[in-house]
C-alpha cells in the first residue's frame with residue numbers, strides 16, 4: 001500500500017510499504033518509480049540481543065572472577081585468624097584443641113576466622129554461578145598463597161626462597177588462566193542444565209567416575225589406602241568433579257530464584273542438593289583419612305593437581321567450555337594451570353628447608369674457598385668471616401619456626417595446630 005502527502009515546500013513525499021513492515025519516505029514526483037529500502041528488523045533485533053547477551057556474559061565473568069579472588073582472600077585470612085586465636089590460648093595455658101580442649105570457643109579471633117571462612121565458602125559457591133568452573137577451581141590455589149604470605153607477616157613463620165618463588169609462579173599462572181579462560185557461559189537455566197546432564201558424553205563420564213570411586217572405596221582402599229597416598233586422594237578428586245557440577249547447577253538455581261522463577265518445584269534442584277551433600281561428605285571423609293596418615297605437605301599439592309584436573313575434564317565434557325576457545329587460549333589455560341602446579345609444589349614441598357639468598361651467597365663462597373686456597377689466595381680472616389656467617393645462619397635456622405602446613409579441603413583451610 002502506497003500513500004503520499006505534500007510537505008510545506010510543495011514537494012510530495014511518498015510513504016512506501018516495503019512488505020516487511022518498514023516505511024521509507026522519499027521526495028518524488030508523480031509517475032516516478034520509487035526505490036524501496038529494505039531493512040530487516042528481525043536481524044537487527046537479534047543482533048542487539050546478541051550484543052546485550054555478550055555484555056551480560058562479560059559482566060558475569062568479572063563478577064565470578066571477583067568472587068573467586070575474594071573467596072581465596074577470606075579463606076586464606078581465616079587460617080591466620082584461627083591460628084592467631086589458638087596461639088593466644090596456648091600462651092594463656094588453656095588446653096589446646098589438639099588435646100581435646102574447647103577453649104577456642106571463647107576466643108573472638110577464632111570466631112572471626114570461622115566467619116571469614118564461611119564468607120569465603122559463600123563467595124566461592126556464588127562464583128560458580130557467574131564464571132566458568134575452568135576459571136574458578138584453579139584460582140582456589142590463591143588461598144594457599146594468601147595464607148603463606150600472611151603467615152610470614154603475622155605469625156613470624158619464615159617463607160623461604162622456594163616459597164617466594166612458588167608464590168610468584170602461582171600468581172603468574174593464575175593471571176595466565178584469567179586471561180585465557182573461557183568467558184562465555186553455556187548454561188543459564190535449570191532446563192538447560194537438565195539437557196546437559198542427560199548428554200551421552202557426560203553420562204559416560206559420570207558412570208566411569210562412580211565406578212572408579214566405588215572400586216577404590218571397596219577394593220583398593222582397604223588393601224592399599226594406608227600405604228599409598230594416591231588412593232584416598234583419587235577418591236576425593238573424582239568425586240570432587242561431580243560436586244563442582246552440583247554447585248554450578250545450584251548456583252544457577254539460586255540466580256533463577258532471585259529473578260522470581262519457581263525453583264523449589266523443580267525436581268532437579270533437590271536432586272542437585274542431595275548429590276552435593278553425598279559428594280562433599282565423601283570428599284571430607286577420605287581427605288581427612290589422607291591427611292591423618294600422610295604428610296600434609298604432600299597431600300595438599302597432589303590433591304590440588306588431581307582435583308583440578310578432574311574438574312577441568314568434567315567442565316570440558318558437561319559445560320562445553322572449551323569448544324569456543326581458540327588454540328592459543330587452550331594452550332594458555334593449560335600453561336597457567338601447570339605453572340600453578342609448580343608454584344604449589346615449591347611452596348609446600350620445600351617449606352621446611354631454610355634456603356634464602358643469604359645462604360646461597362654463603363654456599364657459593366664455600367665452593368670458591370677450596371679453589372682460592374689451592375692458588376694460595378686464602379687468608380685466615382676470610383675463613384673466620386665465612387665461619388661466623390655460617391654459624392649465624394645455623395643459629396637462625398634453629399630459631400626459625402617451620403612454615404606451618406596448610407591444606408585446602410574442599411575449600412577449607414586446616415593447620416596441624418588444629419589437630
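Every residue gets a Cβ built from N, Cα and C, even glycine.
Residue ranges 166-187, 298-319, 364-385 are listed, and TrEMBL annotates 298-319 among them as transmembrane segment. Of the candidate ranges 36-55, 136-155, TrEMBL annotates residues 136-155 with the feature transmembrane segment. When the ranges 229-247, 248-266 are checked against TrEMBL, the one recorded as transmembrane segment is 229-247. Proximity of distant same-chain residues to the transmembrane segment (61-81), defined by a Cβ-Cβ separation under 8 Å and at least 6 residues beyond the stretch ends, is recorded for 109-110, 112-117, 119-121, 123-124, 126-132, 135-136, 139-147, 150-151, 154-155, 178, 183, 406, 408, 411-413, 415. When each of 108-130, 136-155, 202-223, 229-247, 298-319 is scored by its Cβ pairs under 8 Å to the transmembrane segment (268-286), the top-ranked stretch turns out to be 229-247.
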